[in-house]
């Protein structure tokens, strides 16, 4: 039975790799839009099956995020040539930028190797924080439930910044490009829109913006704005082979950054300048973005825990979507951008995130027992690493 399980894992991984090759070869020969989407559908089914067949909890958790969300969303954007990075430069580039949480900035990476060392050291430091928190949970088992919830919040952050950050930096090293950071000091967030839009998991924020928020906002506002047209024009030229780095990289950078600034409910966007209809369209787009994020997290949790959906995670993101919209409307109502002093605002924001996570986000993981299995598996990895290091020193 074990051999059958291993062979099933290998078959699924081989099938997903074959699907990537087929998409890489097939997309340039198909017109963009629905023909590409129909061609992509069998690959999406294969990607969805892979995480459910993986027995390693660490690997299953990582692949669930990559193959159930990252890769399908990026390939969906490529169906319409809505890309925000370099043009495709071979299968390695296509594969890494499609599967890994990589947002290319649009310029070559600095030749100074110090940049690599500093960035990799930063992610290794978060990986050390992950193992330190895991050991604290292991040795303090049976303590207060609030300590466990706080530790789990740190594990989510350290795990994403450490594991996914290292994968992103390795892709950056292989492709010789500079990538956007995944996080931006989330513990300094002074509002929910600041937390979700500017600081927490910036890669997912960008992905949600391109796949859900922008299309809905465009549909509700009745047309594509100038920044979106600029991005589409650049991507169209790139897809036709008319790419000129000195021209199109600047167009992509200015178009994407402007589009993101124009189509995001960030704290720096003064909501007093929005008309009621525009603000309502943005509120609808924001709510549906949070709902989509909740449904994707629900699917990922099902793959990780191997249990049926409880919809608690979806409720968590719906709650934050409603709270974020109310926050924006309060700023508009009182015509102020900052209601509370920043330290108090940070305390209230992080407190709301923590208690809502303890109420809705963490319970599905804890009830399934997958948290204890992940901790035990990480400790096995830690023992292997410590054994190799001590062997080398001796």
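In case you wondered, yes, glycine gets a Cβ from its N, Cα and C as well.
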Transmembrane segment per TrEMBL: which of the ranges 263-282, 343-362 is that? 343-362
Out of 33-54, 152-175, 283-304, 343-362, what stretch is closest in contact terms to the transmembrane segment (12-27), meaning most Cβ pairs under 8 angstroms? 33-54
Cβ pairs under 8 Å only, please: of the recorded stretches 120-140, 152-175, 311-331, which one is richest in them relative to the transmembrane segment (343-362)? 311-331
Stretch-averaged pLDDT - the domain 'Wax synthase' (180-221): 90
Between 33-54, 152-175, 311-331, who has the most Cβ pairs under 8 Å to the transmembrane segment (283-304)? 311-331
Would you kindly list the residues that approach the transmembrane segment (33-54) from elsewhere in its chain, counting only those six or more residues past its ends and only Cβ-Cβ distances under 8 Å? 5, 8-9, 12-13, 15-16, 19-20, 22-23, 26-27, 60, 63-64, 67-68, 71-72, 75-76, 78-80, 303-304, 306
Per DSSP, what is the helix/strand/coil residue tally across the domain 'Wax synthase' (276-318)? 37 helix, 0 strand, 6 coil
Determine how many residues of the domain 'Wax synthase' (180-221) DSSP places in helix, in strand and in coil. 31 helix, 0 strand, 11 coil
